[in-house]
């Protein structure tokens, strides 16, 4: 307040609000206030301030910052709280309502990219539940702006109307007055209303003085919409509006974090002491029980490779992209990574083995770290499934202790939920082609690498100075009874189509097939041949062959491996 003829401005604001209510149901101006600037103008301007306050019940009100400072410049929550308390005391002193639950940050600062201290201070002082911004995910193109919910606060997309702080005279409108009128009458501003079920506009004090372009624009816009369309416009209080928005767009509830350094506007409203150098250059994504912890420790032996700091709950895994940790924001994530001593040569990485089969992780990771390399390990999915079952037994999972492996993997859809949950955790991560294709939807093939080495029996230990060794924990490389043949046969059949699809995928990517996959494909080829030949191959329903015999039958080189497998035949 306090920049020009506020008395006339205040009266015009009330008159225009009453006019707009004839065209927009319940229309009410929502006025922001920064109490520090109260009564800092001329005598006439100060009288205008007082007139507005005498009409305080005619408007809705929302808090700006006390001195209009950008929240991201405050490094701690307590400083923000102090500023907000000053503004709240001003509001209470002058009878300004403080219960609307809506606030706006100057210049979108702290809303997106998220400055968590702002969200916490807002809730603590004002009990804020709704805000708005033009910056998520980016200012342009405007049609892609979205909402999200973070830390209990609903963030709505805000639109622009072509009025800025310097847009104060009709004849001096950029491009001429006809450009403003064209925008109102069928142009950009009209289309904004037409194409967005909910629109939020924020103009500036200067737009309501001088030639009062704010009043001119919205009065004419409402009139044009009413006369040219069948649309019925209405206004809702901020909290009701936010609930309505997310009823219409429930898919926007979860945010999709992006790298603040990739957008100059975002970088300008992000704390200067923060750096994007804390983001990883590659991810080891799993799947679980394939040797990812061993790979993680071997990578750490390289002096230029640096992992995340350990988590008190999930140990060496951050588990950010696949679960609730994601909603804690990128500041929480980056706090797990040290500052590289050399950003050119040092490589930050993290290993979270449950990223592999996550529905959300690929999209979230690609949004935040689109240039990262993605590393996965592919072992025989049957062995992986059995290893997971044994892992659960070692952790005294009651279902794994009660039911044997075959009972778990062959359980029906009508089995108790705890069995089906364990079955899913055993089987689903082994759908390798399905999960890799999901990652390839968000990352180019050149950034996705599969480790196809054959696992050793046991693990190496790192040799330290003084002859000491550092080995994997006792839970790794655990010895347990071999898988029963009935389960092996079932899993070989269960994964057959998945393995065929994996072979096609690896061929398309130009990557070699691991030996376990070649062996499974050989079983499949032989099975098809036996089924085609029918009774000519024997008199029983099952033929026992060694790998050596299979390879001889396929015209391949002999192999001393004599493990037997069951091959069902027809006839």
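A Cβ is built for glycine as well, from the same backbone N, Cα and C atoms used for every other residue.
Just so you know, TrEMBL annotations never went through curation; they're auto-generated.
Annotation comment: TrEMBL describes 11-190 as domain 'Heparan sulphate-N-deacetylase deacetylase'.
Per TrEMBL, domain 'Sulfotransferase' is recorded for 280-448.
Taking a C-beta cut-off of under 8 Å and a sequence gap of six or more, residue 289 (active site, for sulfotransferase activity) has these contacts in its own chain: 353, 384, 387, 388, 391. Per TrEMBL, the feature active site, for sulfotransferase activity maps to 289.
Sequence annotations record features per position, and here TrEMBL assigns 3'-phosphoadenylyl sulfate binding site to 387, 460, 476, 477, 478, 479, 480. Within 10 Å of the C-beta atom of residue 479 (3'-phosphoadenylyl sulfate binding site) sit 7 other C-beta atoms, taking all shown protein chains into account.
Per TrEMBL, the feature disulfide bond maps to 461-471.
In this view, the densest Cβ surroundings among the binding-site residues 387, 480 belong to 387, judged by other Cβ atoms lying within 10 Å. The average pLDDT for the domain 'Heparan sulphate-N-deacetylase deacetylase' (11-190) in the predicted structure is 95.
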